[in-house]
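Trainee: So TrEMBL has the following annotated:
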| type | residues | note |
| --- | --- | --- |
| TRANSMEM | 246-268 | transmembrane segment |
| TRANSMEM | 309-336 | transmembrane segment |
| TRANSMEM | 342-362 | transmembrane segment |
| TRANSMEM | 383-403 | transmembrane segment |
| TRANSMEM | 415-438 | transmembrane segment |
| TRANSMEM | 467-493 | transmembrane segment |
| TRANSMEM | 499-526 | transmembrane segment |
| TRANSMEM | 538-557 | transmembrane segment |
| TRANSMEM | 569-602 | transmembrane segment |
Amino acid sequence: MAFTFGQKDPLLVKVNKLTSTKTQLPYSYYSLPFCKPNTIVDSAENLGEVLRGDRIENSPYVFEMGEPKMCQIICKAKIDDKQAKELKEKIEDEYRVNMILDNLPLVVPLARQDRGATVYQAGYHVGVKGQYAGNNDKKSFIHNHLAFLVKYHKDETTDLSRIVGFEVKPFSINHQFEGPWNDKNTRLITCDPHASKLLVNSDTPQEVEAGKEIIFTYDVGFEESDIKWASRWDTYLLMIDDQIHWFSIVNSLMIVLFLSGMVAMIMLRTLYRDISRYNQLETEEETQEETGWKLVHGDVFRPPANSDLLCVCVGTGVQFFGMLLVTMIFAVLGFLSPSNRGGLMTAMLLTWVLMGLFAGYASSRLYKMLKGSEWKSITLRTAFLFPGIAFGIFFVLNALIWGEKSSGAVPFTTMFALVLLWFGISVPLVFVGSYLGFKQPAIEAPVKTNKIPRQVPEQAWYMNPAFTILIGGILPFGAVFIELFFILTSIWLHQFYYIFGFLFLVFIILIVTCAEITIVLCYFQLCSEDYLWWWRSFLTSGSSAIYLFLYAGFYFFTKLQITKVVSGMLYFGYMLLASFAFCVLTGTIGFYACFCFTRLIYSSVKID
């Protein structure tokens, strides 16, 4: 919804969390000794915002539409030892202050030397480390003067304006004044609106030191802009080098599509020749002399070891697949834009919960085919295995965040809401899905299974399960690793991610790649008279999660500057959870592709 403002209408400036890419631990704005309004009011936040650590509150800044202000004093604060220590730590860890005006985040314009263009940094730094001339000792200086610039687009017909930009230039200035202090009516020597003395540099910075007083001030300027309200987020979404992004993704898609086409062509031609040859065999001698995948027809649909766990994993994978598909469709249609803070995470959580219906259905259908009879047992495991592991990791990491007194720690009420979603909606839906799935007639195998299992002949080294599983994960990971870089950057370097159209294409390519590489390796396995394909089909494409986790480690050591042990544990804890989810998702895609493939080829040949 677009808000319009007339001349002198009040503009509500809100403060958000303090963030740092070095610690990944957000803190509330008022955890530092900044000026406070008479009453601090928390804004209503959705579930996604709370989980992201957003803490949106009102601020002491007073803006009026179209009314510039110079050197407005907010307050004078005396810093004690504890506050000075906290400020120095936040400056050392390069924390940024985030603010919001009319749902637009505050940005700092930065000149880019190599292109002569302007890029924008989300939020301004609490302060900087520096030194006085002739002194080598590093000091901490706080940004206590903010020069705000509000950009607006004027409607010619109504004479009302809409906010299209919110920028700031921070300064550190050791303010001086004459005479006794009289709150906001004191005239400063360092910047004086009556004498039109503006701040343009930080030549005399304000040092952070216990016992010192800091005067906080701000300017407000207004600038008319040609940017229309509908396009105001474009500035924020072009923070990254999008040209490299586009070329890299297109290049990756072309390579994967070419490989997929080659694989599909080879498979179709080889299979067609196999099926034709098998169906032309007439004599028993010819049949006995024949080798290949037809020989294992009596064992290929034999239930595998640990079939219960396989059913649970496949059901969970279906749940993930449904969640990602629905969420990405909504994102592509524009319902989950970055302007809707926390919307993406909220949508993913709710979709995951609702997809429990399909998880239960898929696991029970497969379970019944594999001659299982205890459908309630498989339902409970489907409902609790992955969510239980995820909740356990999340609970431990949240306790670590609590220990750091970060605003990123999820409150007890939100934790209770998550448990309620899990037990109150997800678990019942899994039970409903399982009941419906188990009521369906069992999926019939196209060939009969022998009573005595056939011995698997000794396999060549290149058909070793560990080798083929590890090889199988390379191509699916190759389909997504470029996009993965931008996703990791948006999460851990606090940038906006918005190219959901390309992400959806990459997701489709991932599905095709997982399916084709699994089918090819399954075909080679059956041709080697190894019929133990159930788990291997799941793990072949699922092994791409190993490469994802290794890449996450590479990204951690090459792109991030995390120094705290707790922050490192947070990163690897969440990436381990993401890799596990990716394994279940890609493994399920590969399993279903192989399942359909084996049913298709064995129903296409005449079995005597």
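Every residue, even glycine, has its Cβ placed from backbone N, Cα and C.
Tell me what's around each of these sites.
Mentor: Within its own chain, the transmembrane segment (309-336) is flanked in space by residues 343-344, 347-348, 351-352, 355-356, 358-364, 366-367, 370, 372, 378, 381-382, 385-386, 430, 500-501, 503-504, 507, 534-535, 538, 581, 584-585, 587-589, 591-592, which lie at least six positions past its ends and keep a Cβ under 8 Å from the stretch.
If you look at the transmembrane segment (342-362), the same-chain residues 6 or more away from its ends with a CB under 8 A from one of its CBs are 45-52, 54, 314-316, 318-320, 322-323, 326-327, 330-331, 335-336, 379, 382-383, 418, 421-422, 425-437.
Counting same-chain residues at least six beyond the ends of the transmembrane segment (467-493), those with a Cβ under 8 angstroms from any Cβ of the stretch are 21, 24, 240, 245, 248-249, 252, 255-256, 259, 461, 499, 502-503, 506, 509-510, 513-514, 517-518, 521, 524-525, 536, 539-548, 551-552, 555, 559-560, 571, 586, 590.
Residues 245-246, 249, 252-253, 256-257, 259-260, 263-264, 266-267, 270-271, 292-293, 296, 300, 324-325, 328-329, 331-332, 336, 463, 468, 471-472, 475-476, 478-480, 483, 486, 532-533, 536-537, 540-541, 544, 586, 589-594, 597-598 of the same chain lie 6+ residues outside the transmembrane segment (499-526) yet bring a C-beta within less than 8 angstroms of a C-beta in it.
Tertiary neighbourhood of the transmembrane segment (569-602): same-chain residues 24-25, 271, 274-275, 293, 297, 300-301, 310, 313-314, 316-318, 320-321, 324, 386, 389-390, 393-394, 396-397, 400-401, 445-447, 472-473, 476, 492, 510-511, 514-519, 522-523, 526, 533-534, 537-546, 548-549, 552-553, 556, 560, 562, selected by CB-CB distance under 8 Å and a gap of 6+ residues from either end.
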Trainee: For the transmembrane segment (538-557), find every same-chain residue at least 6 residues outside the stretch whose CB is under 8 Å from a CB in it, and list them.
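Mentor: Residues 310, 313-314, 468-470, 472-474, 476-477, 481, 484-485, 488, 492, 514-515, 517-518, 521-522, 568, 571-572, 575-576, 578-580, 582-584, 586-591.
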